Amino acid sequence: LERQKMHPSDATESKRMIMNDNGSDENKCLYNEDILSNIMPPVLLLEFVFGLMGNLFTIWITWWHIKVWSGFTVYLFNLALADLLFVVQLPLRIAYHLRVNDWILGEFSCDLMITLFYTNMYGSIYFLTCISVERWQAIDRPLHSLARKSPGRATIISLAMWALAIIPQIGMPLIFDLIHDSSNKTNCLSFNQEGVMLGFGIWNTVEVIIGFLIPFIIIIFVQIKITHKLLCPSMNPGLEQMRKRASRLMIIILIIFATCFIPIHIFRIFLVVAKLYLPENCGLNQLAFEGVYWSLLLSSCNCFMDPLILFVSGNRFR
């Protein structure tokens, strides 16, 4: 079969979408994975600085300044830990993109970076959901919720959330391998390896449903319930103030979801569908890939947006 030919003078185009001779429909189009290599390092560096400061501050406040923990405190502390897991892998990603996607740290470090990234993403989603439900219970049934606010119960739930966040990521190193491109660079988490999209598509489907849609539906439900409570004024000034704080908290959580988590899941679905069902459409596949990269930058913002929850929680931390 005749494939697309590249003119020798087009050296700068060697990383753009080309046709592959391996006979695989899935890998007919190769992605230009260097497209954002100049943009990623400075953005990730800013996220590293603000994420590190914000989450260390949150841990410092919760661990050393709160004498009696509630369920809310447990979830907030675990949320900060999840964000720190993300922050510690950022220098690896920055170094990778500074070398224009050339990985020199070995396969284990690549696998670790991938695992920490997605553990943070879904750990954050789960703990944001736990915080939302805890706040709704506190204003919906204040007396009944006291029994549910114990740190012991929240710790057990947190352990379950960690398991739910970590276990699916164990499969990521089985899906992606280190590969060498035409420039003899070693790529980590490359979508240009043959057969990768089928395994990634299965993983993505599971995480979209369990790790995103279900928590998002729960958070929307909680927001509706809290809004309904606000429309029914309470004669108790303290309860009314608690409702307003809960409403501000839910707005922050919805902003985090809209900014960090909705785009990445939409574009990952787009990427899988384009690669598996429209493999010959190289322009569409490259568009989907670039959408995933841009949304990855947005999803990384959650590491410094999550600490905002600390600042809208009012006198719970005084």
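Placement of Cβ uses the backbone N, Cα and C atoms for every residue, glycine included.
The domain 'G-protein coupled receptors family 1 profile' annotation in TrEMBL covers 54-310. According to TrEMBL, the feature transmembrane segment maps to 43-63, 75-92, 112-133, 154-176, 196-222, 249-271, 291-312.
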Residues of the same chain, at least six outside the transmembrane segment (75-92), with any C-beta under 8 angstroms of its C-beta?
-> 44-45, 47-48, 51-52, 54-56, 58-59, 62-63, 69, 105, 109, 112-113, 116-117, 119-121, 123-124, 127-128, 130-131, 134, 154, 158, 161-162, 165, 300, 302-304, 306-307, 309-310, 313
Compute the average pLDDT of the predicted model within the domain 'G-protein coupled receptors family 1 profile' (54-310).
-> 89
Sequence-remote contacts (6 or more beyond its ends) of the transmembrane segment (196-222), Cβ cut-off under 8 Å?
-> 26, 118, 121-122, 125-126, 128-129, 132-133, 135-136, 164-165, 168, 171-172, 174-176, 190, 250, 253-254, 257, 261-262, 265, 268-269, 272, 275-276
Lying 6 or more residues past either end of the transmembrane segment (43-63) yet within Cβ distance under 8 Å of it, the residues of that chain are 69, 73, 76-77, 79-81, 83-84, 86-87, 90-91, 93-94, 97, 297, 300-301, 303-304, 306-307, 310, 317
